[in-house]
Amino acid sequence: DPEMTLLTYLRRKLGLTGTKLGCAEGGCGACTVMLSRYQTHTQQLLHYAVNACLAPLCSLHLVAVTTVEGIGSVARELHPVQERIAMAHGSQCGFCTPGIVMSMYALLRNNPKPKMADVEEAFHGNLCRCTGYRPILEGYKTFTVVRNTRYLTPVNVDLFSATSLFNPADFTPFDPTQEVIFPPELMSLSKDQRSGLLCFRGDRASWLQPDSLDEFLRLKWEHPDARVVVGNTEVGIEVKFKNMVYPVILAPAFIPELNNVSHTADGVVFGAACTLSHMGAVLKKAVETLPPHQTEVFLAVLEQLRWFAGLQIRNVAAVGGNIMTASPISDLNPVFMAAGCRLTLMDKDGSRVVQMDDGFFTGYRKTVLRPQEILLSIEIPYSKKFQLVSAFKQSPRREDDISIVTAAMSVTFTPGTDVVEDLRLSYGGMAATTVLAKKTANGLLGRHWGEELLQEACSLLAKEMTLDPSAPGGMVTYRRTLTLSLFYKFYLTVLQKLRLQVSEHSGCFSYRCLQTVLLILHRFIIQSLRPDDSVGRPMMHLSALKQATGEAVYCDDVPLYENELYLALITSSKAHANILSVDASAAEKMPGVVTCLFADDIPGCNATGPIEHDETVLAHRQVTCVGHIIGAVVADTQLHAQRAAKAVRVQYEELQPIITIQEAIAAKSFYQPIRTIQKGDLEAGFKQADHILEGEIHIGGQEHFYLETNVTLAVPREEGEMELFVSTQSASKTQSLVAKALGVPANRVVVRVKRMGGVSGGRRAGPPFCRLLSPWQQTKTVRCMLDRDEDMMITGGRHPFYGKQGETTPPVGFLNSGKVVSLDVSYYSNVGNSMDLSASVMERALFHMENSYSVANVRGRGFLCRTNLPSNTAFRGFGGPQGMMVTESWMTDVAQSLGRPAEQVRRLNLYVEGESTPYNQVLDQITLDRCWDECLTRSGYQERRAAVDVYNSQNRWTKRGLAITAFQKMSIFSVCVCVQAGALVHIYTDGSGLHTKMVQVASRVLGIPCSKIHISETSTNTVPNTSPTAASASSDLNGGAVQNACETLNQRLQPYKTKNPKGSWEDWVSEAAYFDRVNLSTNGFYKTPNLGYDFETNSGRAFNYFSYGVACSEVEIDCLTGAHKNLSTTIVMDVGNSLNPAIDIGQVRGLGLFTLEELHYSPQGVLLTRGPGSYKIPAFGDIPAQLTAVGEPPLFLAASVFYAIKDAISASRAESGISGPFRLDSPASAERIRNACSDRFTKLCPPAEPGSFTPWSVQV
């Protein structure tokens, strides 16, 4: 079938489930495989990594496919690539691991001795949510040639106190001669292949693969509307996500003329089917051999290629496809346009040559090509002797990201002068097409390249490069400012190349050139001297080897059952509306459809929810958010079910939605209760204060973006029983909710959880659709796995928060010294259309409202805003990060208003031993001051601060910032019912039955090696009434339960140990206790003692203990674009004794939350960021260049990066004469950073008046 991808074929036809589905758009790398092809024209093998989710099966004729299963297995032998990522602790949830393994494997097949830069480039198309990338890079740097030259030592770090988490000497040597060979049959077929047209036909499409240019031209003449596909990187996404159907697909990828590369007198001609990777390789070679003055255009193309998508995309995407898709935010088209590249077009009657200029793109996604024409080639010209060219790209994330604005600029001077003879300024992202700023360019001809030209250029550009305030993509003020900023960068670059004096050279700098300098140090103490005691040691994740080989089974990897059915969801397209009618007649007639399900088909109760039952399994009469589940289609395949679901027609009567926090405040749309915590005398505190300060901050939401989307498999059993395989953190809650929907006792439902591909709160109650999978038929197995865009649209994430100091009283009162004496703060969270766990999230925010600072008089209030968004839910940290972020915002403002160093003001206000919190819990064993002082020392804070000040005084357009923040973390849940756990431990006569840390606990208590202990899945029929694995509670609670069970078993075995003290474990168990009929199975139970806080009386013990941490971060920002680079981070965290430091150290969710990840909603409540193409989590290049970690770095300490950015912005604003507090909302995106750096360019692009237009997106 032309519409079948390689990924579907591997997983569903061959049962090779090691290759994972993460996004279906080529943005996460989970589906990476290696393709190998014999090239007859070079007589060489070509190996390259690709995204299997986008590769059409039809495109793989004569291609060898290597998956993660094909390079090694646990039973056979692991490949060194698999072994090293596992032993270096680079696999946690493991879902992304096979894709990362295959990216590295493909690199080594082409380059057995790579440099670290090669490794980094290989991972541009891969994402990981769990590890923080650190251990992956550490493990794979052992393959590189020169491993130490780029590794720097931070200030004041004792290298000898650092503890290694693995020993490279334990790795199996890598021998590149022992790789899998290319299949000889394919070699013979490739050499002897006969000419002819390949044709594949499916239900909806035909795939025609011509073998000659004439055949291709004939087919295009016969099928003028046919889509031409080479890499399928555009069409694949259109078919999957835009519901496009292309009856005829022409695939000319292997026509020789379309792959030719030739050097002419004017430049280099590339066939339109040349891949971007190949084009890059050719241009790199040209740059190395040609005179520098001829390679200006080539260098500009290479600069854009370097950050063009991921390597998996560049390996298959064709240069012709990039041009013909006519994207208005193309990275390359502005370069081609500025360079005046010539395109050869052809049809069966002849050819013509056109220049890429402002007439080539005739409209959005349209070009001058006639329907029967094809693009044959592009000629990229040599630059002239007095021509200078630069290219720029600004995107939210450095690696593999879609542009906000791209630009290419070319200037040619009259020989021997600085007088402009020709100027081309090309921009992407500023209109429906790539455009030339012709008025500006024409106005600068004949001018000297100097300050007067700059001022005139900025004035002209500001008038010419305008955008409607409602323009798609939003960020209008930022985009307009970028057009000026990027020109200024070009202006300075040209001055440098002309060797004229440049006083503001930092404006030329591009963060695109920075590479990761990896240095990570850890220090931990191993308590036990017993060699077989694994507690506290960096023990490898017990599933790591299986994860690295693709053998670890996730929910959707369970083999297909006979006659299995698939369920797809019907969801609302309106945020708030009455349902007038639902017409499923067309869907019911479609191939493979078995039935459609709606609210009336629920046999039990349609009301559901994790605490309050204020949600519906299926919407009944009304929808309250976009993505509200209305019904479902059950069919024989996923494809049939999804197509039928899209055919269901729903008629609505729209109601006025509430989308944002501000709209909820205006409408007084709140859930109850409104929580308050108050201590001291606010009025007296404010009278005592020397200064009063107001402020506010908005903290954006966050998508969980677990790599494995929500999935459930329902298997009917006898007597009405139902077995569910679910990706959930709360098996028992899922069990009870499913039973409620089915109208059966909970004992008829068994929920099994083997492993999950990422969690962090997004799976607290199981996916909502799991309650749909079995109510109507008890004889067929039903499966459902959400696509990435569905998952993001249907499920909520981290709550957006708005924090405001003061409401009816003054907000923050403080003394001249900086000591805060009174605080009144209100929190507003965007809850969504149901309560979910929002009350607990707000309570946690209030518990954190003072963070680690002592404030004598304080009041915090929490308002739960009812809106028409999908209900937000638990996320790592619950509401703690939002609560503390508000705290650090006003603490920074206090320091700035007094003109005092922020670190001094923070240190002055830190808690000390014996002080009490706003919720009246006395702090004991507090180590905040020790963490603070050690972090200052280890980071070399004072030296760094001096160096930052010097740097900032010498650089106008790049600024560095430094910040140190503290953190007080409460232990686990504050809700008593959640702080309990159970465990079931069996001792078998040949081993034992239980996750990595739990195994370590059992190993210590039982006194046996971990090798004798086995992990079993979580299941409701073994341990009932389980608490969720959430709130960082699992090690405490489940570890306590495991310890309890093992201690009981130890007591039962003690007589036999006493009787035979020199005996082995086997002697005591199988030779003695078993024959004495001793029960070798027991349940363990643990509950956290002495908890019971009461909000009404503000009394009782809320938490069992506290942990403390401090982080210092240094960043550098580009004031002209808003880009930033994390230079270094030092973390000191006291978490007691780590059970497993290899697992505890890592994770970058905090960095994403505060600097990168941004959810965009339309004013109508539609989520606009529904996949890795538009929603950006941190990539490999986003981790700090230097990271020194002592203990576990928790999420909130990433706020030190945010406040270091704010410190750098303050330095930039000072250049414009602006001082004092200013508002910076989170995340600190490039847009917010640039707009906050107020300067002469921002003044030329003022924002439109609020209320005078409808924005593309709103701050929810």
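Cβ coordinates are placed from backbone N, Cα and C, and glycine is handled just like the others.
Predicted automatically and left uncurated, TrEMBL annotations should be read as such.
Marked as active site, proton acceptor by TrEMBL: E1192.
The Cβ of C53 ([2Fe-2S] cluster 1 binding site) lies under 8 Å from the Cβ of T5, L6, L7, L21, G22, C23, A24, E25, G26, C31, G236, each of which sits 6+ residues away along the same chain. Annotation source TrEMBL lists [2Fe-2S] cluster 1 binding site at C23, C28, C31, C53.
Residues annotated as [2Fe-2S] cluster 2 binding site in TrEMBL: C93, C96, C128, C130. The Cβ of C130 ([2Fe-2S] cluster 2 binding site) has 24 other Cβ atoms within 10 Å, all protein chains considered.
As annotated by TrEMBL, FAD binding site applies to V228, V229, V230, G231, N232, T233, E234, V235, F308, D331, L375, K393.
The Mo-molybdopterin binding site annotation in TrEMBL covers Q729, R876, A1031. The number of other CB atoms found within 10 A of the CB of Q729 (Mo-molybdopterin binding site), across every protein chain shown, is 25.
Residues or ranges marked as substrate binding site by TrEMBL: R844, F878.
What TrEMBL records for 1-71 is domain '2Fe-2S ferredoxin-type'. In terms of DSSP secondary structure, the domain '2Fe-2S ferredoxin-type' (1-71) contains 15 helix, 22 strand, 34 coil.
For 200-385, the entry in TrEMBL reads domain 'FAD-binding PCMH-type'.
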Spatial separation of C96 ([2Fe-2S] cluster 2 binding site) from L375 (FAD binding site) - C-alpha basis, Å: 37
Which of F308, F878, all binding-site residues, has a Cβ with the fewest other Cβ atoms inside 10 Å: F308
Cα-to-Cα gap, N232 (FAD binding site) vs Q729 (Mo-molybdopterin binding site), nearest whole Å: 37
Pairwise C-alpha maximum, in angstrom, for the residues (V228, V229, V230, G231, N232, T233, E234, V235, F308, D331, L375, K393) that bind FAD according to the record: 27
Top Cα neighbour of C130 ([2Fe-2S] cluster 2 binding site) in the set of binding-site residues V228, E234, Q729: Q729
C-alpha spacing of R844 (substrate binding site) relative to C93 ([2Fe-2S] cluster 2 binding site), in angstrom: 26
From binding-site residues R844, R876, F878, the one whose Cα lies nearest V228 (FAD binding site): R876
Among C96, V230, E234, which are recorded as binding-site residues, the nearest neighbour of F878 (substrate binding site) by Cα: C96
Among C93, C96, V230, L375, which are binding-site residues, the residue with the most C-beta atoms within 10 angstroms of its C-beta: C96
8 Å Cβ shell about C93, C96, C128, C130 centroid, [2Fe-2S] cluster 2 site members excluded: S91, Q92, G94, F95, T97, R129, T131, L707, G757, G758
Spatially closest candidate among C28, C96, Q729, R844, R876, the listed binding-site residues, to F308 (FAD binding site) (Cα to Cα): C28
C23, C28, C31, C53 excluded, remaining Cβ within 8 Å of their centroid ([2Fe-2S] cluster 1): L7, K20, L21, G22, A24, E25, G26, G27, G29, A30, N51, A52, G99, R788, P1172
